[in-house]
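Asks: To start, I am sharing the structure in question, which I have written as structure tokens.
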Amino acid sequence: MKRCCEGVGLPCLFKGVGMASPRPPKYLLVFDFDETIINENSDDSIIRAAPGQELPEHIRQTFREGFYNEYMQRILAYMGDQGVKMGDFKTVYENIPLSPGMPDLFQFLSKNHELFEIILISDANMFGIECNLRAAGFYSLFRKIFSNPSGFDKKGYFTLGPYHSHKCLDCPANMCKRKILTEYLAERAQEEVEFERVFYVGDGANDFCPSVTLTSADVAFPRKGYPMHRMTQEMEKKQPGAFQATVVPWESAAEVARYLQEVLKKKC
């Protein structure tokens with residue numbers, strides 16, 4: 001099934017040298033960040049920059065399910081009070097390891113960048129994602145990154161905001177990835193960019209929500225044993241056939257690369 005879907009992005013990936021009308025990418029590839037691209041939850045990782053590398057109990061007790069973004073705002077305010085600076089956060093983000101096989105997948109995508117439009121949708125934050133991907137050397141792969149706005153205020157405190165508001169009952173209050181993906185595809189459709197298939201690589205419950213909208217032509221790559229994988233299995237048991245996309249679980253992202261390689265071979 002073909003579908004049309006744009007964005008502002010990295011022109012080097014899409015402009016052919018000396019070509020007036022470069023061929024648009026055939027596939028949309030969507031990545032999550034925490035525990036997908038990187039092998040940790042970056043919100044947990046930055047606690048390594050806190051005094052004693054831990055949080056006081058009175059901060060931890062303020063966590064409420066579905067309001068993690070607000071919880072992180074309180075954590076960052078506390079860390080600012082403790083004198084944690086931008087450089088401290090940057091160092092932590094830059095040193096978070098990529099998930100197994102992720103460098104292999106990114107190298108494959110670099111070699112085949114004309115076929116893939118790559119975006120990232122994450123409930124982490126823009127500063128942390130950019131630090132990590134630049135340090136790893138893969139930032140330029142991504143045409144667009146959707147994440148919570150973040151930065152540093154006049155006092156040098158790391159600040160975090162919600163990405164948007166939405167009406168989805170299954171997602172955190174600050175972000176519904178299904179809404180982001182749906183709007184992105186509609187935006188691309190207006191630009192007359194046609195994707196043959198969508199590939200979604202993720203791990204969490206908030207990755208399951210957008211993956212439900214994928215069609216039978218598409219592929220969901222849930223990290224094996226993580227919530228997204230368990231939820232696809234549960235849906236298949238309760239409503240056989242309701243989850244339309246092909247499900248390809250992975251332990252190493254090199255498995256994703258091999259699957260995509262086979263897709264390209266079949267097109268030749």
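From the backbone N, Cα and C atoms, a Cβ is placed for every residue, glycine too.
Quantities reported herein were computed from a predicted structural model and do not represent experimental measurements.
According to TrEMBL, the protein carries these features:
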BINDING   Asp32, Asp34, Asp203  Mg(2+) binding site
ACT_SITE  Asp32  active site, nucleophile
ACT_SITE  Asp34  active site, proton donor
BINDING   Asp43, Asp123  substrate binding site
Asks: Long-range same-chain neighbours of Asp203 (Mg(2+) binding site), Cβ under 8 Å, sequence gap at least 6?
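Replies: Expected: Asp32, Asp34, Glu35, Thr36, Pro222, Arg223, Tyr226, Pro227, Met228, His229.
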Asks: Which entry in the list of binding-site residues, Asp32, Asp34, Asp43, Asp123, has its Cβ near the fewest other Cβ atoms, using 10 Å as the limit?
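Replies: Across Asp32, Asp34, Asp43, Asp123, these binding-site residues, the one with fewest Cβ atoms within 10 Å is Asp43.
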Asks: Starting from the Cβ centroid of Asp32, Asp34, Asp203, which together make up the recorded Mg(2+) site, report each further residue of the same chain whose Cβ lies within 8 Å of that point, ordered by sequence.
Replies: Phe33, Glu35, Thr36, Ile37, Ser122, Gly202, Gly204, Asp207, Arg223, Tyr226
